[in-house]
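Straight from TrEMBL, the features:
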COMPBIAS  188-214  compositional bias 'Polar residues'
REGION    165-246  region 'Disordered'
REPEAT    96-148  repeat 'RCC1'
REPEAT    275-353  repeat 'RCC1'
REPEAT    354-431  repeat 'RCC1'
REPEAT    432-482  repeat 'RCC1'
Amino acid sequence: MNGRGGGGGGGVGVVGAGGEEQMEMEEDGAGLRARVAAGRKERVVLMWGYLPGVSPQRSPLLGPVPVRLPAAAGGDGWRDVCGGGCGFAMAISESGKLLTWGSADDMGQSYVTAGKHEETPEAFPLPSDVAIVRADAGWAHCVAITDEGDVYTWGWKECVPTGRVISDQSSGGTLEKDERQSAIAADQGNSITVSPRSQVSRTSSGAASGPSESRGTDDSTKRRRLSSTKHAPESSTSSDENLSAPPCVVTFNTGVKIMAVAAGGRHTLALSDLGQVWGWGYGGEGQLGLGSRIRTVSSPHPIPCIESALYSKDRPAAMKGNKSAEAQISKVMGNCVKAIACGGRHSAVVTDSGALLTFGWGLYGQCGQGNTDDVLSPTCVSSILGVKMQDIGAGLWHTTVPKLVDASSLENKNARAVSCGARHSAIITDEGEVFCWGWNKYGQLGLGDSMDRNVPCSVPVDAYHPLNVSCGWWHTLVLAESPT
């Protein structure tokens with residue numbers, strides 16, 4: 001749900017011109033170890049919010065707490081933070097290990113997805129020769145990139161590419177009708193071959209248990225264009241393991257090298273080194289940007305981001321056929337994508353020209369199009385077209401028409417990193433300050449209490465110097481340098 005392909009959660013947070021790229025995050029493990037040898041300060045990870053396996057009685061952490069690496073790490077250090085999913089946290093070590101922690105054994109699917117790691121950060125069981133450089137998590141699935149550009153993913157089966165096509169969706173039917181038809185086809189053992197445009201794959205799905213607020217209200221459920229995954233009763237770990245797919249390598253076209261990934265509620269985006277976006281998973285509200293309410297894409301599919309924005313049926317009639325106007329718009333839109341983010345049920349990308357494109361579920365205005373309609377194809381957020389965006393983050397269902405975050409606490413400050421949780425946001429300024437705002441029932445703002453904030457508030461991090469921030473669904477992680 002985070003910037004630079006970080007993610008899980010729905011609304012959008014962006015960093016405009018003036019935000020810096022943290023180039024040190026691009027260094028390989030050898031480069032980082034060299035900096036350590038040269039006397040770089042020790043890095044630490046600070047956490048706060050709801051991580052049930054970390055604190056006694058599962059009480060929320062209301063303020064920043066250092067995360068201790070296990071003795072078994074053998075001198076390994078922290079490289080970056082990756083937020084995490086529903087009730088679990090993720091970070092990357094300097095040696096390229098993906099470390100997970102924070103879940104509890106009754107968290108169901110999330111516990112399995114997190115590697116069953118509770119209080120102590122442990123390496124997720126990926127192949128020993130794999131070095132992870134980027135990672136992200138959705139509700140209960142994860143995706144990670146190696147230093148070779150390979151992509152691993154695991155968790156909820158419907159979020160993990162299978163390549164299998166076992167049912168079809170009629171183009172004009174409702175979800176309820178399609179579910180009945182698919183169920184009948186499955187019961188009869190039918191296998192239907194369909195075109196890539198209507199390709200779907202029905203797999204088992206489950207729901208992770210957690211704070212009840214995450215399930216939404218009856219009113220919002222009724223207004224959804226498509227219903228969500230049905231929440232099942234809390235089940236045993238063995239049952240949840242049956243719903244979970246183990247880590248697998250995602251197959252792309254020959255020559256494609258992935259540089260960034262983002263995980264949403266039940267969908268995933270990947271960004272190649274050439275600026276092409278790929279997507280897979282659930283797309284019922286348009287979050288895969290393929291122009292339809294396709295139920296499930298079971299293998300990576302290229303998303304025509306720039307093309308869709310340029311040739312959308314919603315573009316002004318005066319521009320259609322006007323080569324001069326189209327050339328100007330093409331310049332504004334850019335040539336490729338440079339940043340991606342996934343919300344709970346929507347997606348957002350930033351192009352090389354700084355334009356912001358969104359697509360997916362729009363009930364709470366999270367696509368920024370000035371209405372509550374779902375957006376089925378990548379569409380430019382025209383209200384901020386003149387502002388060059390640098391980075392992006394998406395949460396679960398943030399609402400609002402895009403506007404500048406106008407707060408006295410941020411006067412004369414520039415954001416260099418942004419991240420969104422399910423219902424809260426966080427930034428780091430050029431001066432290394434952390435600001436959070438939004439929902440705070442579980443202490444995810446790190447302000448020492450559980451009161452919501454509607455303006456950015458400074459998070460006290462003592463003498464630590466923050467380098468990066470990444471939000472999970474109900475928690476926040478900060479990578480920082482130790483004062484000593």
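The backbone N, Cα and C atoms fix where each Cβ goes, and this holds for glycine too.
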* **Three-state composition of the repeat 'RCC1' (432-482), taking helix and strand from DSSP** => 0 helix, 25 strand, 26 coil
* By DSSP, what is the split of the repeat 'RCC1' (354-431) into helix, strand and coil residues? -> 6 helix, 29 strand, 43 coil
* How many helix, strand and coil residues does the repeat 'RCC1' (96-148) contain under DSSP? -> 5 helix, 18 strand, 30 coil
* Pop the mean pLDDT for the repeat 'RCC1' (275-353) in here, whole number is fine. => 83
